[in-house]
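Colleague: I'd like to ask you about the structure that follows.
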């Protein structure tokens, strides 16, 4: 079916008020199992910083850093500045970037579950290689396989959660991904704390990544496919059956109709990556680029990757630095629950803006303390050290209930079905690109900017908070298949989104040359 009744997002009219259903145990179980995919990302983020501060690891793979670390005359800010060490951390994210683009056609053609399973198997392989690494080549190959796993998981899991959740609870359930991510970080920090004294502790830390990878693989096998994906593959009856189970009612006609209409338009689109560049999809494309970019430019990953390194640079002892990084991981994990409890009540914009203001304040205070009280060959006093840790924890707290979960939630819920997998791939690719850039550059930036590194990130947080205020409309309570209507009502984006009279398919979407009107 192809006709002028479709809006540019694949639905003809707003039916949100007609949606029926409740939160079922089926949804809770499916979302919980799927969200485990986030734990592999979080585990790696948390484990990398601890491992790269372990003497036994540095001595085996990065002997120059090991020697440099022990030199008392070396600048506090520069003792870890080594591009090879940075490459160990960042190589994973470059691989993930490429993998996320490869995952898009897999997710669209074969379903969300297939990508989740592929991601789990790849991450399992990478964890095994890293644990058994005997040389740099083996270590980096393992990192690349971990990256492929993260690319597939981050592409598929947020989509899965957004599509399976009831509209009025989508924000909170989608954040299960971030909850798993933050708990992965916390668990990794605690494991590093326990293995730091062992000669082979780094092998155990890296190898235990196999546990969440195995859970994700098994979970992917047991999960139901999303109704949206089943309908898009032509399995309408199965899609309705799953939808009825998810909503706990047979009365799902309105939601099912939205999915059918979105699917019919989606199947006409043979080149989603080319279609996403059209003017009518400009609002979604801008958000797919800006949201993950800003999420990384908060500086959070730098703190999480290099927390032990950062705290040691500030003069904390080895045990104290790992303890402090474990504390930040615990704060991050717990703060996500604040967002889950409030996101579908207060909305996305309120959390993003208030979180941005708190993060700016914390970054500026840390920069002032380090600028005034900390220099080369100096250590912070106990009082100022505690204040720095408190400020970093407050920064992490704000990130955990704002940009952390919402940096994934907002992009995953705004795309029409026909470009949803492509849009999510762009989101993940941008996230991993900037993760790679910051991971690779952070140690050099820390050496060059010193305390100014915190002002650098504070400047970016200021920009992104202003961006949200002016350009991000509220998506709270809007059905995923009816997002087009929020762009039509926005003061800026309505200039780019065609009105109903302009939304004939022949004019609004680029059809494949082999597709003809019936």
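Glycine too: its Cβ is placed from the backbone N, Cα and C atoms.
Sharing the feature lines straight out of TrEMBL:
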- 23-43: transmembrane segment (TRANSMEM)
- 30-476: domain 'Major facilitator superfamily (MFS) profile' (DOMAIN)
- 85-103: transmembrane segment (TRANSMEM)
- 140-161: transmembrane segment (TRANSMEM)
- 173-194: transmembrane segment (TRANSMEM)
- 200-223: transmembrane segment (TRANSMEM)
- 285-309: transmembrane segment (TRANSMEM)
- 321-343: transmembrane segment (TRANSMEM)
- 350-372: transmembrane segment (TRANSMEM)
- 384-404: transmembrane segment (TRANSMEM)
- 425-445: transmembrane segment (TRANSMEM)
- 451-472: transmembrane segment (TRANSMEM)
Colleague: For the transmembrane segment (140-161), what are the same-chain contacts with Cβ under 8 Å, counting residues 6+ beyond its ends?
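Modeller: 31, 34-35, 37-38, 40-41, 44, 87-88, 91-104, 106-107, 112-113, 115-116, 118-130, 133, 173-174, 176-177, 206, 209, 213, 216, 223, 226, 408-409, 411-412, 420-421, 424-425, 428, 431-432.
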Colleague: Flag the pair the transmembrane segment (173-194) / the transmembrane segment (350-372) as in contact if three or more Cβ pairs fall under 8 Å (sequence separation 6 or more).
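Modeller: When sequence-distant Cβ pairs are counted, the transmembrane segment (350-372) does not touch the transmembrane segment (173-194), since fewer than 3 lie under 8 Å.
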Colleague: Between the transmembrane segment (85-103) and the stretches 321-343, 384-404, 425-445, 451-472, work out which stretch tops the count of Cβ pairs under 8 Å.
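Modeller: Stretch with maximum Cβ contacts: 425-445.
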Colleague: Counting only residues 6 or more past its boundaries, what in the same chain has a CB within less than 8 Å of a CB in the transmembrane segment (350-372)?
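Modeller: Cβ under 8 Å, 6 or more out: 298-299, 314, 339, 342-343, 380, 384, 387-388, 391-392, 394-395, 397-399, 401-403, 406, 450-455, 457-458, 461-462, 464-465, 468-469, 472.
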Colleague: Mind looking up the mean pLDDT for the domain 'Major facilitator superfamily (MFS) profile' (30-476) in the predicted model?
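Modeller: Mean model confidence (pLDDT) across the domain 'Major facilitator superfamily (MFS) profile' (30-476) is 84.
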